[in-house]
Amino acid sequence: MRREVWKVAGVLPGPATGPERDRRDAVSRPRRAIGLPDELIELLKRHREEQEAERATAAQLWRDGGYAFATPTGEPIDPSTDYHQWKRLLSEAGIRDGRLHDARHTAAIVLLILGVPERAVMGLMGWSTTAMTARYQHITGTVRDDVARLVGGLIWGAVGTD
């Protein structure tokens, strides 16, 4: 498994999917590599193994569309199914209801809290303008508190250190 993954019409490159690409997406959007944590790589490897087992079980019913995430017969996941699974996931996790797209805002805010440079955030999220960063990254109480501590340390931390 590569340490990077890129989106090409939902296809995860590698032995399970082969070299096929959806040309519509490949033409309209440039390829974007993102780094993956080791833990996620392990989860994706396990998922690929599970998908191979589903492929074997489905036998001639398997439709190889090259999707990293598919139905037990290899077909793309229906958006309605995805929506309902997302809602169930939020409920089971005890997280307030929200749209799947809201997860992009959460990801952008987490990157802000972690102190990831704006240019890196733009590259990871696929944004070409800082206006998109401003739209997705909202100043949180945690960020405000961290800034207050940094400023306080800079101003008052130096007092009496002579």
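All positions are counted from 1 along the displayed chain.
Glycine is no exception: its Cβ is also placed from the backbone N, Cα and C atoms.
Predicted automatically and left uncurated, TrEMBL annotations should be read as such.
Fair warning: this is a prediction, and the values are worked out from it, not measured in the lab.
The range from 9-28, 69-88 that TrEMBL describes as region 'Disordered' is residues 9-28. In the predicted model, the domain 'Tyr recombinase' (1-149) shows an average pLDDT of 82.
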